[in-house]
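Quick look at what TrEMBL annotates:
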type	residues	note
ACT_SITE	207	active site, proton donor
BINDING	10, 11, 12, 13, 14, 15, 16, 17	NADP(+) binding site
BINDING	107	NADPH binding site
BINDING	192	L-homoserine binding site
DOMAIN	356-436	domain 'ACT'
Ligand code: NDP
Ligand code: HSE
């Protein structure tokens, strides 16, 4: 058989240790599929002495010097399962410029500075694959990067963070508040000790940037993504959503659009939103991920599965290792980054969306007219108004009343200005909640 493809693994935690296990248990099949065996020549970690359970690998391959490992001449492919921006960026640039192929699960780095990695890959002539970086086990990036390259993608809408989907699903199922649902997610091991990246939407924003870059042939970075997390979502919001036949999800939405001057643009945003129960993403529960892709010729496509966890993520990593290894043996490299369209990123204010607004108001004549006047002055059309129906926590309370207003589609800037103006009305005691409504309910 041909000489082995030699692998350097950076990181041997949740994902990296499962990569080692899968490489061992599938070794014969992987060798047959690639046409050469895979051999781990080094594993870089932070703490050599850490208990990693029964790992089927020679302890002598462990090192704490990742940079030294990626520089070695006997390394063909670098697999990065560490995460973070630095020092991972330095290691991967070094490896790629030296002509090695790289497989990485590092969405934060790709979203922060993917261009540098792609440029280094082009310079060195190796491959850069990162299927595991978005939606774990779900084959999603390869379809966007290859299968759909004959089509024109118009919109990508996804649930790409398992932790927040678990929390919102728990709030929907049990009526729990955010803090209680987060505690459950932590107890079950879904949420990390510091859940900020998940609950504040940073993780989903990084994935949204990667998806938008591939879908629209444009470099989109994390800084281009409008981001809101789920910490402000309340049990009352969940009840209101149910009353509308909706559920609340943390969505990533990347869509083509047209600017006022007629130029095509791309808009990318992450925020909680109500979606109708009839929408394909509404039934995605627990910690699952799903991504809904709309393309001109293909129509609507849905990708669903496990978006996190050691083994599911390692499955995606191994798929990439097989692909880059085959390419090396064949002496070819995959198509480079496709960023030729270079579309300008649309400001969030121009995004077209709908709002669901809950107001605490003074219950006296003329209040509704005053509120409606604010919407009219901002050119925002009201679709429905409810007061005192009881269903969504909406009830007349003597001198006060709760009003729930749902708008028609309008630019986000007009909707936000409307909410600011409502806050200034003396008859509006408070704006209890504001949520976007997506998906055509
Ligand atoms: P872990 O924290 O479990 O593992 C990180 C690994 O990196 C550990 O083995 C750690 O060493 C090692 N490491 C940290 N710093 C250094 C350093 N300076 N030099 C060498 N090694 C270092 O992370 P995960 O496995 O969860 O995540 C890895 C990557 O995969 C991240 O980019 C993450 O975003 C991505 N990912 C993770 C998913 C998941 O479900 N966990 C899903 C999809 C993507 P030591 O073991 O000694 O501490
Ligand atoms: N923290 C992430 C999630 C891991 O909850 O989805 C997968 O990227």
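Using N, Cα and C of the backbone, Cβ positions are placed for all residues, glycine too.
Predicted automatically and left uncurated, TrEMBL annotations should be read as such.
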Original post:
What is the total of other Cβ atoms whose distance to the Cβ of residue 16 (NADP(+) binding site) is within 10 Å?
Top reply: 26
Subject >> Mean of pLDDT values spanning the domain 'ACT' (356-436) >> reply: 88
Original post:
What is the interatomic distance between the Cα atoms of residue 17 (NADP(+) binding site) and residue 107 (NADPH binding site), given in whole Å?
Top reply: 19
Original post:
Going by C-alpha positions, which of the recorded positions (107, 192, 207) is nearest residue 13 (NADP(+) binding site)?
Top reply: 192
Original post:
Within the chain of residue 14 (NADP(+) binding site), which residues six or more apart in sequence place their C-beta under 8 angstroms from its C-beta?
Top reply: 309, 310, 313
**OP:** Could you measure between the residue listed as 'active site, proton donor' and the residue listed as 'NADPH binding site' for me? Cα positions, answer in whole angstrom.
**Re:** 6
Subject >> Rounded distance in angstrom between the Cα atoms of residue 15 (NADP(+) binding site) and the residue listed as 'NADPH binding site' >> reply: 13
Original post:
Hey, for the NADP(+) site built from 10, 11, 12, 13, 14, 15, 16, 17, who else sits with CB inside 8 A of the CB center?
Top reply: 9, 18, 19, 45, 81, 82
**OP:** Just the recorded positions from 11, 12, 17, 192, 207 whose C-beta lies under 6 Å from any atom of ligand 1, please, or none if there are none.
**Re:** 11, 12
